[in-house]
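Trainee: Here it is, the structure in full.
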Amino acid sequence: MVSKTGGNVLNKSPMGSSFAFPLSLLLSTRPAQHRESSFGARDFGGFQDCFFRDRPMDTARIAVVGAGVAGLSTAVCISELAPRCSVTVISDKFTPETTSDVAAGMLIPHTYPDTPIHKQKQWFRETFNHLFAIANSAEAGDAGVHLVSGWQIFQSTPTEEVPFWADVVLGFRKMTEAELKKFPQHEFGQAFTTLKCECPAYLPWLEKRIKGSGGWTLTRRVEDLWELHPSFDVVVNCSGLGSRQLAGDSKIFPVRGQVLQVQAPWVEHFIRDGSGLTYIYPGTSHVTLGGTRQKGDWNLSPDAENSQEILSRCCALEPSLHGACDIREKVGLRPYRPGVRLQTELLARDGRRLPVVHHYGHGSGGISVHWGTALEAARLVSECIHALRTPTPKSKL
C-alpha cells in the first residue's frame, strides 16, 4: 500500500537506468569516513554532525527511506547482518500513519507474475519462520503476532488444489464435506493454520529493535535520493509508491484497498474467498473485513458504497457478522508491481556516485514475504559496504 515518503516530487533529477552493477564499479565511491556538508541536502549536514560524531571511522552510514513494514524490517536486518554500520530510517510518515498499519496482516501469499515461484516460496518460508518464532516467544503480545486457523474456500475447484506454500503453513489439508456445509455456495476448500501480524503493534516493535541496536529514525520528506549524498554511503529505497518519483519507476501503481474493522469477538476462525477479494480475519482487538482491489485509484477517502458491499459479502460467508458493531473504515493504497524490485543501482552525477538498493513493490502480499525480502535487501547492502571498503587497485605504469 501507499508509502507517502518521496511522493509528489517537485524537482526530480535524472536517475539513470537501472541495472545490477558489478562491485568493481563502486570502488571509487566516496569512503565511509567522508564528512563534508551534504550537497543540496539542506539539514542533512547538521544531522550527520549530530548523530555520526562518535562513530568509528570505518562505519558505513546507511539510510533507509520509508518506514512501512518493508523499510523497518530492512533496517533491522541490516543492523543484524551488515558489519560496522549505522542505520537511519527516514520517512515523512511513521506508524500509526503508514499504509502497513491498515494491512490485515494475514500470512497467505500472493503470486508475483515476474518472480520465480521458488523465490517467492523462499521469501514466504523465511517470513513465516521469523514470525512463528516471535509467536512462540514472550515478545508475541508486544509484537502483535499470533497463530490463527481457518478456511480458504472456492466456488469451483481450483486448477491448483495444493498451492506452493502449502507445506509452509501448519496442518494444510482439504476441507471435509461436513466443513463445506457451512459454505453452501462453495464446493471446495482448504483448511490450515497460519500467522497474523498486526502492524499497529509490529511496527513499533521493529522501531524499538532498530533503536536498541543503535539505529535512528528521522521524520523528514525525501524528494530526491541525491539529498542523502554524501551524508550517507548507501541508500535503501523502501518508499513504495514513492518510487514512481524517487526511482522513476513507471511499473509501480496503486491498487486501492478498503477494509472494515469491526467488533465481533465471537469470530475466531479466518474465512477467505479463493479470489482473495472477500475475507474475514479475526485479530486481537477487532475483526478485519475486506475488501476492494481498485487498480490505479489514488482515493484515500472511505467510500460508503464500498463499505456496504464489503459488509454484505462478508455477512454472506459469516451471517453472525450482522451483529457486528463499532464499524470503522480504513483505506490504503497497495504499491503493486509485477514483481518485487530487489536490485542494486549505482546512481551517478557529475563524477559522484551513490549506491542504492531498491526494495519495494510488494502489492497486497507485503506482510507475507517482508522478512524474506528484507534479508535479501540486507545482503545487497552488505555487498555495497564490502565494495566501499575495498581499496581501489593502483594501476601499474
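Yeah, the Cβs are placed from backbone N, Cα and C, and that goes for glycine too.
Pasting the relevant annotations from TrEMBL:
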type	residues	note
DOMAIN	61-380	domain 'FAD dependent oxidoreductase'
BINDING	THR99, SER100, VAL222	FAD binding site
BINDING	TYR279, ARG334	D-dopa binding site
Trainee: Rank the binding-site residues THR99, SER100 by the number of other Cβ atoms within 10 Å of each Cβ, and give the residue at the low end.
Mentor: THR99
Trainee: May I ask for the distance between TYR279 (D-dopa binding site) and SER100 (FAD binding site), taken between their Cα atoms and rounded to an integer number of Å?
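Mentor: Just about 18 Å between their Cα atoms.
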Trainee: Tell me, how many other CB atoms lie within 10 A of the CB of TYR279 (D-dopa binding site), whichever protein chain they belong to?
Mentor: 24
Trainee: I'd like the Cβ neighbour count for ARG334 (D-dopa binding site), meaning other Cβ atoms within 10 Å of its Cβ, all protein chains included.
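Mentor: There are 27 such Cβ atoms around ARG334 (D-dopa binding site).
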